[in-house]
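**Student:** What follows is a single structure, and I will ask about it in a moment.
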Amino acid sequence: MTLREMQVAMSGQLSGTPELRENASRDADVLLMHALGVGRTELFIRPERLLAEAEIARIASLIARRLAMEPIQYITGEQEFYGLPFRVTRATLIPRPETELLVEAVIARMPSAGRIVDVGTGSGAIAVSLAHALPEAAVEAVDISEAALEVARENAAANGVTVRFRLGDLLAGVEPGVDVVVSNPPYIPSGDRATMHPQVTEFEPSTALFAGEDGLEIYRRLIPQAWQTLRSGGLLAMEIGFGQEDGLRVLMTGWDGVEFLKDLQGIRRVVVGTKSSP
């Protein structure tokens with residue numbers, strides 16, 4: 001079988017599953033590049049290349065995983081975020097493009113130097129991106145999962161930045177006087193699980209997705225902890241879910257400059273606020 005014939009066959013297989021049809025061609029190319037260890041250019045300049053049996057077997061294994069709804073990022077172990085490469089595993093949430101708005105919100109409001117704590121760091125995407133963009137800042141990252149922290153440490157090293165990682169529950173044990181607390185916490189209501197895509201619910205860590213009946217469970221704990229941890233005038237920036245603006249506005253009563261930022265789809269995706277001075 002030639003490379004081009006395999007491309008067509010893979011795309012056809014993926015298109016046969018309604019949930020995968022929209023990105024079938026793209027996914028086929030990504031899986032081919034991963035299986036063969038080649039770049040996109042080679043897929044097009046050598047379409048008549050004959051595939052070895054071992055390569056065909058490897059490709060078949062990857063296709064089977066994708067047909068089982070495993071996210072392509074877990075199959076390849078890679079995801080780009082804020083222009084940087086990140087390793088991802090099933091111990092970590094897959095970084096989403098909309099979370100880049102959270103990073104941008106912090107960068108726009110953060111002096112070049114200062115202390116930043118990323119709560120629930122997962123793959124380290126937010127912490128590493130901030131450390132890369134703000135090299136004079138002291139960035140710390142907390143997660144309750146040691147497996148996630150292992151991945152985050154690898155990503156910090158691979159991207160050449162310094163981040164201090166710690167195992168912990170939210171801000172417990174973090175020394176006060178922080179300039180910025182940033183977090184993309186779990187915020188999906190538990191009742192939404194039944195309507196979500198299986199590639200999310202069956203593969204990504206539930207502890208990084210769901211937060212009680214209304215999705216606000218973590219915010220109720222994190223916001224008062226952030227108040228205790230931030231310096232006066234310090235910034236709290238968090239990603240939020242669809243329709244959670246009213247609940248967050250109540251929870252952030254007493255904070256100054258509370259603002260809700262919209263993503264490219266017009267959804268209020270990020271909330272920011274500063275700790276008022278005494």
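Backbone N, Cα and C define each Cβ position, glycine as well.
Annotations per TrEMBL:
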type	residues	note
BINDING	G120, T121, G122, S123, G124, D143, N184	S-adenosyl-L-methionine binding site
BINDING	N184, P185, P186, Y187	substrate binding site
DOMAIN	22-77	domain 'Release factor glutamine methyltransferase N-terminal'
DOMAIN	99-188	domain 'Methyltransferase small'
**Student:** Could you give me three numbers for the domain 'Methyltransferase small' (99-188), the DSSP helix, strand and coil residue counts?
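**Tutor:** So the domain 'Methyltransferase small' (99-188) is made up of 33 helix, 22 strand, 35 coil.
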**Student:** Mind telling me which of the binding-site residues G120, P185, P186 has the densest Cβ neighbourhood, counting other Cβ atoms within 10 Å?
**Tutor:** G120
**Student:** Can you tell me which of the binding-site residues P185, P186, Y187 is spatially closest to T121 (S-adenosyl-L-methionine binding site)? Compare CA atoms only.
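**Tutor:** Out of the listed candidates, the nearest Cα belongs to P185.
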**Student:** On a simple 10 Å Cβ count over all chains shown, which one of the binding-site residues T121, S123, N184 is most densely packed?
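**Tutor:** The residue with the densest Cβ neighbourhood is T121.
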**Student:** Rounded to a whole number, how many Å is the Cα of G122 (S-adenosyl-L-methionine binding site) away from the Cα of P185 (substrate binding site)?
**Tutor:** 10
**Student:** My understanding is the cutoff is Cβ-Cβ under 8 Å with a sequence separation of 6 or more in the same chain; which residues meet that for D143 (S-adenosyl-L-methionine binding site)?
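**Tutor:** Once residues fewer than 6 apart are set aside, D143 (S-adenosyl-L-methionine binding site) is near G120, T121, G122, L149, A152, F165, L167, G168.
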**Student:** Validating a neighbour-count step here. Other CB atoms within 10 A of the CB of G124 (S-adenosyl-L-methionine binding site): how many?
**Tutor:** 32
**Student:** Calculate the per-residue pLDDT averaged over the domain 'Release factor glutamine methyltransferase N-terminal' (22-77) and state the result as an integer.
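**Tutor:** Reported value for the domain 'Release factor glutamine methyltransferase N-terminal' (22-77) is a mean pLDDT of 93.
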**Student:** Take the C-alpha atoms of P185 (substrate binding site) and G124 (S-adenosyl-L-methionine binding site) and report the distance between them in angstrom, rounded.
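**Tutor:** Pair distance, Cα basis, whole Å: 13 Å.
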**Student:** So for Y187 (substrate binding site), how many other CB atoms are inside 10 Å of its CB?
**Tutor:** 24
**Student:** So around the substrate site, N184, P185, P186, Y187 aside, which residues have their CB within 8 A of the centroid of those CB atoms?
**Tutor:** G120, S183, I188, A208, L209, A211, I218, M238, E239, G241
**Student:** Across the domain 'Release factor glutamine methyltransferase N-terminal' (22-77), what are the DSSP residue counts per state (helix, strand, coil)?
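**Tutor:** Taking the domain 'Release factor glutamine methyltransferase N-terminal' (22-77) as a whole: 39 helix, 1 strand, 16 coil.
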**Student:** Just the number: how many Å between the Cα atoms of Y187 (substrate binding site) and S123 (S-adenosyl-L-methionine binding site)?
**Tutor:** 17
